[in-house]
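Novice: After the structure tokens below, expect a handful of questions from me.
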Amino acid sequence: MFRAAAAGPYDEAINKATDENLTSEDWGAIMEVCDRVATDANGAKEAVNSMIKRLAHRNANVQLYTLEVANALSQNCGKNMHRELSSRAFTDALLKLANDRNTHTQVKAKILERMKEWSDMFKSDSDLGIMYDAYYRLKQSNPTLQPPSAPQKNVLTDADRQKEEEELQMALQLSLQEEERKKRPAGASGATASSSSGGAAAGPSNAGGAVASGEGTNSTAGQAEATPQPVPSSTTAATVSRVRALYDFVPSEPGELEFKKGDVIAVLKSVYKDWWSGSLKGKTGIFPLNYVEKLADPTPEELQREAQMEAEVFAEIKNVEKLLTLLSAGNTGPREEDNEEISKLYHQTLAIRPKLIKLIEKYSQKKDDFTQLNEKFIKARRDYEALLESSMSHPPGPTYHQYAMRPPMTNSYGSGGYGAPPPQQQQEPPRFYNPAPAQDAPQYPATSPSPNPNHFIRPAGTPAPYYMGGAEGPGQLQHQQQPPYPQQQPQPAYGAPSRPQDQQRNPSGPSPMAPAPLNTTSSPPPGNQYTPYQAPGASGANNRTNSYSSTNGGAPQELSTSAYDSPIAQHSTNPLSNPSYNAPSAPSYSQGRPGAPTDDPYGPTSPGAGSSNNVGSAPPPPSGPAPSGPAPSAPSAPSAPSAPGAPNSYTQGAYHSQNPYAAAAAAAAAAASRTHVPGVYDGAGSEVSSTAPQPPAALQPGGGAQPQYKAYVPPGAPSAPGSGQEGPSAPGQNDGLADYYRSAY
């Protein structure tokens, strides 16, 4: 009478994707169905007809897999599939299955969930409104299928926090009491043990509202599974450690915890009044209390019963192994007695199957918990190692001590001028030859210092070069090793009183920058300042100084002069023509130069004793009358330097001053015989030739320029060779006289 429905083209593929023996969704088979439907014009209608047949199956797993296939087709097969899913035939099949009382609760909840998703997906198309109507009718007829709405996130008040703290203290107190009861002797009476058990069971009842007793444990647990009760709002997180999810929860805001029905969540703390913070599968977030139920901590009786059940299951392991051996080792035909034993062992194994499933679930959950704990531990260890490595790779830098900065060293005298005391400052220890210490004597102040920035000042603590006995002194050797630089010496103004030879300045005194004291016999009149003469191209040689040896202990003495003396010969001048502003009886500080006419402003005022360059004291001037002969109209030239080892240069100078013509001939011969002075260097480090007269440089220790005197140049006289312009000249220069005049001090 009844014909079986004709098999559709998609029945086999959909039956494979919704097989009742599957343990999970077969996504390979599901995607194969989606590919076939997407390429077939009539595939959407045929696939929906095949799914309606599978929804009529009585197995809940087949129904759940069919709903999953329908959801995959709706997301991958376009609008044609949307139209078939919103058809009257498919929606009626869904409503019929959901309203059947024999349908599993999970299947009903899944139907409601999928219909809601499809309603939201099809709401933009008015032709697909049948799905929304079917969803609205199902929600009205089955209000319990829909999960409750999440409560509002009300902030905890001070009273709520105080209550939570009180419950926490109560729970801690009960826990301590339980520990004390466990530590009591084992020989306690049974009444005491029973009362302790009753108190332990009553503790959670007072704290969290969970009712549990030693006799009705199984019945209470069974009722809890049948009708789960949400966590009451009066319960706090202080007394609850675990909760089980009653519904699926999808987060709607960041920070919320997603979970499925049946998940066990570890409670951490209270965040809002009806929201707690928990941890699940390595994730932390907040969840609503009306979606979960409280899990009471197991009592000692429950723990003992669970351990007994595990022992019974493990005792049956040998029967399971024996059954497997009989089933796998029988190569020949089964005997009758073996069949009886196999049947007996099989029934014994079936008896422990429910207990075995519970143990599998328990240890599977423990395995997941330990896996999550291991992951957290590994992450924490990696973070610690990373922090440790970063701290070791960037050690703190060494601490450096701050040293006091050396005060700046000045290279010139202060503004006090000649004779001003040097500034008291810390100086670097000298690294050169130090002559004999200077004599202590009062210093003579300068008459009128005037700064001149065009000249350099010799740094403090550096000895001036000098010559001693025809050999270079340490100062000159030092200048050969280091780069040469101009040095200057103080020069007194014109007409300054002279000082004796035995009180000349010593550069090795305690204050090397201080000038030597002067012994004066009369107060000097205000002297006139004159601009020093400088010839171009001779700036390097103008800054050279010379020093002489004195008879005071044989120590080398520094004597400033504007002329370059030969290291092997000493100049000598006529003491009679040596000019000085002082009286003839006063000792002269400056070197003498030949006399000049009285109308010459640079000429001498009175004959004075000239200072000599010879080793020893200067001889007294001749007391005889002046030599006869015509008076020269120009200053006579100084005598040429004598050859090395000259016995007495003073007598030669005196003889030439008395015989002008003999002096000119001797000077010409001496100039022709010498070409340069060895050991004498200019500012650039090259030797200075003595054939060209070098004008003196203005030397100023205190910043003021001291007067220099230009030699008289007769009209029409040629300039000095190499100077570039007219320089100092003297009678007889055309005859070969190459010396120059020393400036008077």
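Any Cβ shown, glycine's included, is placed from N, Cα and C.
A quick note: this is a predicted structure, and the numbers were derived from the prediction, not measured.
Pulled these from Swiss-Prot:
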- 17-146: domain 'VHS' (DOMAIN)
- 142-237: region 'Disordered' (REGION)
- 163-182: domain 'UIM' (DOMAIN)
- 186-214: compositional bias 'Low complexity' (COMPBIAS)
- 238-297: domain 'SH3' (DOMAIN)
- 390-745: region 'Disordered' (REGION)
- 425-446: compositional bias 'Low complexity' (COMPBIAS)
- 518-532: compositional bias 'Polar residues' (COMPBIAS)
- 540-576: compositional bias 'Polar residues' (COMPBIAS)
- 577-590: compositional bias 'Low complexity' (COMPBIAS)
- 618-635: compositional bias 'Pro residues' (COMPBIAS)
- 636-647: compositional bias 'Low complexity' (COMPBIAS)
- 648-660: compositional bias 'Polar residues' (COMPBIAS)
- 662-672: compositional bias 'Low complexity' (COMPBIAS)
- 719-733: compositional bias 'Low complexity' (COMPBIAS)
Novice: If I take every residue in the domain 'SH3' (238-297) and average their pLDDT values, what number comes out?
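Specialist: It averages 83.
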Novice: What is the three-state DSSP composition of the domain 'VHS' (17-146), stated as helix, strand and coil residue counts?
Specialist: 100 helix, 0 strand, 30 coil
Novice: Based on DSSP, tally up the residues of the domain 'UIM' (163-182) by helix, strand and coil.
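Specialist: Tallying H, G and I as helix, E and B as strand, the rest coil: 20 helix, 0 strand, 0 coil.
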